[in-house]
Amino acid sequence: MQLNPAEISDLIKAKIENLSVNAEVRTCGTVISVTDGIVRIHGLSDAMQGEMLEFPGNTFGLAMNLERDSVGAVVLGEYEHIKEGDTVTCTGRILEVPVGRELVGRVVDALGRPIDGKGPINTTLTAPIEKIAPGVIARKSVDQPMQTGLKAIDSMVPVGRGQRELIIGDRQTGKTAVALDAIVNQKGTGVICIYVAIGQKASSIANVVRKLEEHGAMEHTIVVAATASEAAALQYIAPYSGCTMGEFFRDRGEDALIVYDDLSKQAVAYRQISLLLRRPPGREAYPGDVFYLHSRLLERAARVNEHEVEKLTNGEVKGKTGSLTALPIIETQAGDVSAFVPTNVISITDGQIFLETDLFNAGIRPAINAGISVSRVGGAAQTKVIKKLGGGIRLALAQYRELAAFSQFASDLDEATRKQLEHGEVVTELMKQKQFSTLNTAEMALTLWAINNGSYSDVPVAKALAFESEFLSFVRTQHPEVLEAVNASGAMSDESEKTLEAAMKSFKSSYAYQA
């Protein structure tokens, strides 16, 4: 066989000319150890803090400890199949979750994957879970109300759009019930709600979703669930994922409300991760940055001004402010609000609603302690009519508590003291409200107006709630224009007051309310 040198030369030349030298450069590392969802990796020299790492079997992790000779990462999900010697690659991306209107009405996990069996979520938009909070110049002061529909909250500790109001109390004091009422009350207001369930039983979360569906609230709600059975890493990132989903609406000039239920369990999950990563423990074995864990999350709840919205939407939305209101929940142990995490979150938020076991067991629900519950900015956002009529409620309750304690030692009370005690009892009774029976501004104003003008002075305490309910029904049927006027203007005119006075007289003459 004759070899042709020229032919061979041409073949080699063609091969060299067509040689593809494109190479994908990816930093790879090797798994050194796997323990309790924490993976130590050698060789990832270019890893970023918070970067997504890819493990075999399409599993992802989060780089958290960048040390001299190894990287400590947490696995986001199952880790049983990861073994020593496996190859890990850097993705070059920070953890992102899907965002957009397509998520509304769905139940997703901490990574934004649907878990409600209703098929895939068709959104192309994603956003990083960690974002820098809006700066001072980008913010606008809180001056619009975020109505919860609960008399005790809207009259005494009002919440404004863009505020952070902590709900704090022992277990089984109705913390979730207050938050769910606030979500249900946003129906028809255009406010998108995000409910983040952290470390709860799957059955409890299913129950919450069912209740929201029953009251038509899932139409404007996203539920982010990281159940107690899921990895600690997912419980740790769930609030950040939910916050990113809420920021999508805030940055487009809309209003959103986010509930974190609850941040105590997130702190416990973060403590677990930190201790397994061998980070030095501090007070109550929490790591040193547990304050920053919550502050960087809650600072993202804000009201942003028109210029910021215009800038973030590239000029598409003009003249609109956006807001993200946060209702974080903290569970205390035996009423100890001076523990590490409760004191941290109290100092970060713009006020707190204290729920007490004794009040709850006494049948006062919502079990709000009006004496130590405050709203530091909500007063500026309160509806005019509620601010005017509700001003005396807190004072009446404070005086009642003081006199009630004093009256235990005194046998004979003068007439003025006795009247004040009776008034306080009626106010306490009227602040009670059943779950999912929220009131609008006008209905709430009606009750407060009746308290202020002494309409309940001759009504027995036991019949006060029934009297309130019947009077509301009476005004709804006989004078609906009064309620419409108050809802429309946010104030009560002299004409409306005269109509209500006549209505009260007429109602009292026809309704048998005496003992």
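The backbone N, Cα and C atoms fix where each Cβ goes, and this holds for glycine too.
The annotation ATP binding site is assigned in Swiss-Prot to Gly169, Asp170, Arg171, Gln172, Thr173, Gly174, Lys175, Thr176 on the grounds of sequence analysis. Within 10 Å of the Cβ of Gly169 (ATP binding site) there are 27 other Cβ atoms, across all protein chains.
Cβ neighbours within 10 Å of Ser373 (site 'Required for activity'), excluding its own Cβ and spanning all shown chains: 22. The annotation site 'Required for activity' is assigned in Swiss-Prot to Ser373.
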Task: Same-chain residues at least 6 apart in sequence whose Cβ lies under 8 Å from Gly174 (ATP binding site) - done: Leu355, Phe360, Arg365, Pro366, Ala367, Gln435
Task: Distance [Cα-Cα, Å, rounded] between Thr173 (ATP binding site) and Ser373 (site 'Required for activity') - done: 15
Open item on the list: By the count of other Cβ atoms within 10 Å, pick out the sparsest of the binding-site residues Gln172, Thr173, Thr176.
Closed with: Gln172
Open item on the list: If you count other CB atoms within 10 A of each CB, which of Arg171, Lys175 wins among these binding-site residues?
Closed with: Lys175
Open item on the list: Are there any residues at least 6 positions away along the chain from Asp170 (ATP binding site) with a Cβ closer than 8 Å to its Cβ? List them or say none.
Closed with: Glu331, Thr332, Gln333, Ala334, Gly335, Leu355, Glu356, Thr357
Task: Distance from Ser373 (site 'Required for activity') back to Gln172 (ATP binding site), taken between C-alpha atoms, in Å - done: 18
